[in-house]
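Chemist: Pasting the relevant annotations from TrEMBL:
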| type | residues | note |
| --- | --- | --- |
| DOMAIN | B:18-185 | domain 'FeoB-type G' |
| BINDING | B:25-32, B:50-54, B:72-75, B:136-139 | GTP binding site |
| BINDING | B:ASN36, B:THR39, B:GLY40 | Mg(2+) binding site |
| TRANSMEM | B:297-318 | transmembrane segment |
| TRANSMEM | B:353-377 | transmembrane segment |
| TRANSMEM | B:397-419 | transmembrane segment |
| TRANSMEM | B:431-458 | transmembrane segment |
| TRANSMEM | B:470-491 | transmembrane segment |
| TRANSMEM | B:529-548 | transmembrane segment |
| TRANSMEM | B:664-685 | transmembrane segment |
| TRANSMEM | B:697-718 | transmembrane segment |
Amino acid sequence: MSKRSVADLKVGERATIQSFNNQLMSLKLLEMGCLPGAEVCLSGKAPLGDPICLNVSGYCLAMRKSEAATILIENVE
Amino acid sequence: MVLIIIHSTLFIFTLKTSPVIALIGNPNAGKSSLFNQLTGLRQKTGNFPGVTVDKKSGTWPIDAQTVATIVDFPGIYSIYPKSLDEQIVTDILANPAHPDYPDVSIVVVDAANLHRNLLLFTQVADLGGPVILALNMLDVARQQAKEINAVRLAMRLGVPVVRINARTGEGLDLLKKAVLGQLEEPTLPGKLFFDPAEEIPELIEETKVQYQLETNYLALQYLIQHDGFSFLNRSQQVGLDTLIHNYQFNEQTFQAGETITRYKRIATIAAEVVTNQRAANQPTWSQKLDRYLLHPVWGYAIFGFILLLIFQAIFAWAQPFMDGIDSGVAWLNGQLKESLPPGPLTDLLTDGILAGIGGILVFIPQIAFLFLLVALLEESGYMSRVMVIMDRIMRKFGLNGRSVVPLISGVACAVPAIMATRSIGTRRDRLITILVTPLMSCSARLPIYTILIALVVPSRRILGLFNLQGLALMALYLLGLVSALVAAYILKLFLRTQERGYFIMELPTFKLPRWNHVGLTVWESVRSFVWEAGRVILAISIVLWVLASYGPGDSMDRAEARAKQQHAALATDQLQNIIASDRLEASYAGQFGHFIEPAIRPLGYDWKIGIALLSSFAAREVFVGTMSTIYSIGSGADDSDITIRERLRQEKNPITGGPMYTPALAWSLLIFYVFAMMCMSTLAATQRETKSWKWPTVQLVYMMALAYGSAFITYQLLH
């Protein structure tokens, strides 16, 4: 089974960032505070389900689904 | 005592009298508020030397001897730029020889988002210049039950930390003291926050020696960013490439590692300085509001309603003000004609200059309303939501969520809109946005739309709410928008790319607009519209008046004699009108108009409109001024207090004898101006931004072809 990514989250679901699968995109995401180990929560989706809104370290980040798919996650216990 | 005196004399000698102070910070950290607080009305917008990035700078009197120049840099999240706009910051901070290189950098930090803001702060500090941390938005942090110990933060970072409130201006005195302190005797952090030499000592050392650099972090920036550094020459850049190759240095991996390390160290500091008592994950009211604004149905409904409101404001609410200005100018014109001795100079002043300028002044209320509402949307944070809900749709057309801001700004003016495309990180998305933005109806088209719509669309209410003229205006704007999207879609098919587009954006929390900001924006835009457009119009009005008042040889006198002969039986004022019109036709301008008439006849235009078309080639807004001038000259002298709208209504078609401005002609003209690329400044902006002559040429040709074709079809169908 392939790893879950932020793109697979449901609205309101929480997860912890584990790693990235695209280095160029990870540089941008890291700087915006998406760090491995950080807890994220999918706070909402734009109409048509894309882009998505992600709560990370206290603020809201909008990104496309294709970008969200580069953030691999593990579930929060 | 003696010591103090020596100290202060030294101080006078060593302190620069006009130091440069940079404002750096994350977007939405309150940088612009602080800038306005410090500079007030002593600010100006210019360009950074060599590039066309907007540079906002202003003066700040710090004490009796020192007047600092404050430079407001574009908002960035890190020292590694994501777009052209952001590149300028590192380009200057890494180059001490740059005229805007700061003597002190003030990094504005949003206390409510401390971690992310400190990332940028530590990078700027590591570059080596004196820095001050201005801790802003403490009130917002407090609302989230976060308290920040500024003294401890200052100790941990080793730099002055000043608590400020950029909205109210609290703490500015302390900031002043801190700046003076840093100018006089800089407090620098003892060691680098992140030292690249810990991991790649030899490479950093060799770079520092080869390029005579002082700090390790600057050396790292040379290695990673040299392609974007405009101050390095080709061989210096190749030299850095060689170094990277020799040491097998992987920039991306290193940069990712740097960010993670910095955040780790920031987390340690934050744990010491922040007390956080917030109950876990209560949705804030901003998030609650977003549920509606990003809702599949409500989101678009609200956006549509806001757009409708903007158009109603432009058309209906601005009307009383416009009528006032309109009749004011007409009254002044009449007064001047009565009180001044008749002669060519009086004619030039009234029919030439005042008629042209009056045609522009009338549109101040509409432009002010438009900029007011756009500024409110930007200020409140709603514009970011619009980008999110529009991204998916924009992407279909080869654009980007971020293209929304240029497109909406394009409604005001295409030049700043094209400059605003710099925030789009993807090259192809940006190019397409630049090419289609001028299809959005800018404020210069508004005068043309307004006059022509008023001629052919009745002012009636439908459904008791909407003015029919307002709806017609909205339809024209929508036509502009739809054609921009279609053009983007077609361009997307031609411009293929390997580059991966992206859209990552912070959604700022909603804020009450800062009224002084909004006021400044409106004032600036109205001022520049009147001033920039006014100058062109003044010049063209004078030239046009001369061309319309004189003809080759005695052609105009002969035309008058002929008219007198043919229409001897008519009453005096009718005769006057015919004479004036025939004289105009015989003038240089008239002959010019006749010369191009065959080309524009299929669109329904006559030689008078031809003159206006030609003169508005440099700038659309000239059209109305030209029409005013032509019809002032073309009508008799007695009806000088009639407005331009009335004159157009009275204009007769010499062939049919009916009104000249039939719906077919008016709509053909309207459609022509929706599409036509008639603005030198926009073409110049495209040339600057794309750094090529190819794209402005493409833009000019496709838009002109579109304008001619559509106007032709419109006229032939309605005719």
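Each residue, glycine too, has its Cβ placed from N, Cα and C.
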Chemist: Near the Mg(2+) site, what residues other than B:ASN36, B:THR39, B:GLY40 in the same chain have a C-beta no further than 8 Å from the centroid of the listed C-beta atoms?
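Modeler: Sorted by sequence, the hits are B:PHE35, B:GLN37, B:LEU38, B:LEU41, B:ARG42, B:GLN43, B:GLY58.
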Chemist: Going along the chain, which residues at least six beyond the ends of the transmembrane segment (B:431-458) come within the CB cut-off of under 8 Å?
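Modeler: Same-chain contacts beyond the ends: 314-315, 322, 359-360, 362-363, 366-367, 370, 398-400, 403, 406-408, 410-414, 417-418, 421, 424, 468-469, 472-473, 476-477, 480-481, 483-485, 487-488, 491-492, 495, 529, 533, 619-621, 623-624, 627, 644-645, 648-649, 661-663, 666-667, 669-670, 673-675, 677, 679, 682, 686, 689-690, 695, 698-699, 703.
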Chemist: Helix, strand or coil for B:THR39 (Mg(2+) binding site)? Use DSSP.
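Modeler: Note: B:THR39 (Mg(2+) binding site) is helical by DSSP.
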Chemist: May I ask for the distance between B:GLY40 (Mg(2+) binding site) and B:LYS31 (GTP binding site), taken between their Cα atoms and rounded to an integer number of Å?
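Modeler: Taking the Cα atoms only, B:GLY40 (Mg(2+) binding site) lies 14 Å from B:LYS31 (GTP binding site).
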Chemist: Which residues of the same chain, at least 6 past either end of the transmembrane segment (B:470-491), have a Cβ under 8 Å from a Cβ in it?
Modeler: 308, 311-312, 314-316, 396-399, 407, 410-411, 432-433, 435-437, 439-441, 449-450, 453, 457, 462, 670-671, 674-675, 702, 706
Chemist: Relative to the Cβ position of B:THR39 (Mg(2+) binding site), how many further Cβ atoms are located within 10 Å?
Modeler: 21
Chemist: Does DSSP put B:MET137 (GTP binding site) in a helix, in a strand, or in coil?
Modeler: coil
Chemist: Does the transmembrane segment (B:397-419) reach the transmembrane segment (B:664-685) with at least 3 CB pairs under 8 A, where each pair is 6 or more residues apart?
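Modeler: Result for the transmembrane segment (B:397-419) with the transmembrane segment (B:664-685) is yes.
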Chemist: With an 8 Å cut-off on Cβ-Cβ distance and a minimum sequence separation of at least 6, pull the same-chain contacts of B:GLY25 (GTP binding site), or say none.
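Modeler: Those within reach of B:GLY25 (GTP binding site), by Cβ under 8 Å and sequence separation of 6 or more, are B:LYS31, B:GLY75, B:ILE76, B:VAL107, B:VAL108, B:VAL109, B:ASP110, B:ASN117, B:LEU120.
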Chemist: Per-residue pLDDT averaged over the domain 'FeoB-type G' (B:18-185) comes to what?
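Modeler: Within the domain 'FeoB-type G' (B:18-185), the model's average pLDDT equals 88.
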Chemist: What number of additional C-beta atoms lies within 10 angstroms of the C-beta atom of B:MET137 (GTP binding site)?
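Modeler: Here the count is 26.
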Chemist: Out of B:297-318, B:353-377, B:664-685, which stretch has the largest tally of CB pairs under 8 angstroms to the transmembrane segment (B:529-548)?
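Modeler: Comparing B:297-318, B:353-377, B:664-685 against the transmembrane segment (B:529-548), the winner is B:353-377.
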Chemist: In whole Å, note down how far the CA of B:ASN36 (Mg(2+) binding site) lies from the CA of B:PRO74 (GTP binding site).
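Modeler: One finds 14 Å between the Cα atoms of these residues.
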Chemist: Have a look around B:ASN28 (GTP binding site) and count the other CB atoms within 10 A of its CB, chains all included.
Modeler: 19
Chemist: Can you check what DSSP calls B:LYS31 (GTP binding site), collapsed to helix, strand or coil?
Modeler: helix
Chemist: Taking the Cβ of each of the binding-site residues and counting other Cβ atoms inside 10 Å, which one has the highest number: B:GLY40, B:PRO74?
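Modeler: Per the Cβ count within 10 Å, the most buried is B:PRO74.
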Chemist: How many Å lie between the Cα of B:MET137 (GTP binding site) and the Cα of B:ASN36 (Mg(2+) binding site)?
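Modeler: Checking the Cα atoms of B:MET137 (GTP binding site) and B:ASN36 (Mg(2+) binding site) gives a distance of 16 Å.
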